[in-house]
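According to TrEMBL:
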type: TRANSMEM; residues: 5-25; note: transmembrane segment
type: DOMAIN; residues: 111-247; note: domain 'CcmH/CycL/Ccl2/NrfF N-terminal'
type: TRANSMEM; residues: 202-223; note: transmembrane segment
type: TRANSMEM; residues: 311-331; note: transmembrane segment
type: DOMAIN; residues: 345-477; note: domain 'Cytochrome c-type biogenesis protein H TPR'
type: REGION; residues: 500-532; note: region 'Disordered'
type: REGION; residues: 596-621; note: region 'Disordered'
type: COMPBIAS; residues: 596-609; note: compositional bias 'Basic and acidic residues'
Amino acid sequence: MMRYLLYVLPLVIFLAAGVAFWWALDSGRDPSKLPSALIDKPAPTFELPAIAGLDTPGLATGDLATGEVTLVNVFTYVIDGAGRIRYRHVGPINPPEVESKILPAVAEPLAAPPALAVMPDEIMEDPALEARARALSKVLRCVVCQNESIDSSNADIARQMRLVVRERLLAGDSDQEVLDYLQARYGDYVLMKPPVKPTTYLLWYGPAGVLLLGALGVGIYLLRRPRKPAAPQPLSEAERRRLKRLLAASTSAYDLQVYKDQLAEVARELQRGNLTPSEAQAAQAEIERRMLQVAETRAEDARREAKPARALAMLLTALLPLGALGLYLFVLGSPGMPSIPFAERQEERQQLNERQRLIAELAERMRADPRDPRGWEILARNYAVIGRYEQAAAAYEQAIARGFDRPDLRAQRAETLIAAADGVVTPAAQEEIAAALAQDPQEPLARYYRGVMHEQAGEPRQAVEAWAALLRDLPPDITGRQQIQARLNQVARAANIDPTGFDTASTAPPVGAPPAGPLAGGEAARPGPTREQMQAAQDMSPEERQQMVEGMVERLAGRLEEEPEDLEGWLRLARAYAVLGRRDEAVSALEQAESLTRDLPADDPRRQAVEQGLTSLRSGS
């Protein structure tokens, strides 16, 4: 029996391993069960480009080399000398935020984002499409990882696959078409749950087949077990000769040796006179019968064991390499692809935990002192990054209510409300979009979601017109135009509208070009801060940065004394004074600007900005 166990034990271990891997694959598990946006690059809030805004009247989004406009957001990056991202800001550049954005820049504890899986430039602006992309990424396997989806992997090939998923969705593909495309490109292995077909039969049915073979072997063994022998009979002469031969071949068997000792004991008892000859003969016959049965059973067992042992050895020899090959190819990874060191992955998990801890500390600090609107804005942005959209919307509301009533924050709050509703433009989001456009009719994020609002209201033509107007106002080389154009084409075709009938050619200057018109050759022509200047600003103490900012404000004020007709300059100076807390000087600057807006139309955004600013400052809000 022990020999059978030694043969069967490896088979049992192999079956257990196969069932375990089969279950793991069938469950389609994703080792990353964190909130989706925790895999995104965090977005701290230090708006360094606002430095240039004081001396640069060109406030169009993306004017600086540090800013990259994506879709309808401005992504502003600050990179230190080591190449690390020290800051990323999403939203239009707003120079009045100098004091609240620049001064805490380097000291901000949230300004060191970890390198995680889904990067900010991968995230789609349409929450519904992004949700579909994330869902698809969770069922697609990283081809260089150990049973990990591309949604949670930071391997280069996983990033490329995520980009392909989003490109196909923007092109109008259905979820199944995206899966079919990637399956045709990478094979069945790319699916976390491969289809059942001949090439995957080993994976799906191999464990069950091996289990059935094992059960069949056990059943055959039980059926062929030797039956209980009949009662012993006196040995014939032929049986005695056979017994002698078996005894000669099995002298080392323990049980046969016992019977030999019993025969010797019977002979001694006969010599002592304790047994009569007839009793001794009967006892000897019974013992010899038992010896014969044992010897024959041993010989038969030896013959039986030889065949199944060889068959089992051959079966294991064939199945174990096949099983190992199947596990290697279909479960444990792809041959020839580099792996991700465990130490790096462990470090990323630790960074995620640290990120969550910092956000929790910031939230606790804001609950203890809720008067700081800048802190609420920081908290809102970080809540949005980790996918806690409802908390982000509430934090944006606090920032707006406490003095940061800006069109970009209104639009961003609308975006979080839409994301929290799975892409539906709710009434609350519609109110925020309207408020943002009332403050700044050119606010790009609000304009984009106004188009989404028309689309969901069953007004595809109005949606297409809104997006076409937005494309005309965006720079021609801005990142994200293709996505907006793809959304426009998709909605237009679904409504049987010819998308080529809408003019989407850009009328704006390229990204980074100085603005034309009355600002050309003036302040707009002055260069923004160089990389060396930005790095020097990071190395300054808070007092030195404060002095630098105030010096720039004073230089702007001095220039306006020489050029009093610069309306945009007075607006920037007023906003800078307001950020620095110099309310009376801000009112004075706005009054100068008001004198320059009297001849402007009533719906001119600059005239509206002056009126709203004076009302806010004079009321003390």
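Placed from the backbone N, Cα and C atoms, the Cβ positions cover glycine too.
Counting same-chain residues at least six beyond the ends of the compositional bias 'Basic and acidic residues' (596-609), those with a Cβ under 8 angstroms from any Cβ of the stretch are 438-442, 565, 567-568, 570-571. Shown for the region 'Disordered' (596-621): DSSP residue counts in helix, strand and coil, namely 16 helix, 0 strand, 10 coil.
When DSSP labels each residue, the domain 'Cytochrome c-type biogenesis protein H TPR' (345-477) comes out as 104 helix, 0 strand, 29 coil, counted as helix, strand and coil in that order.
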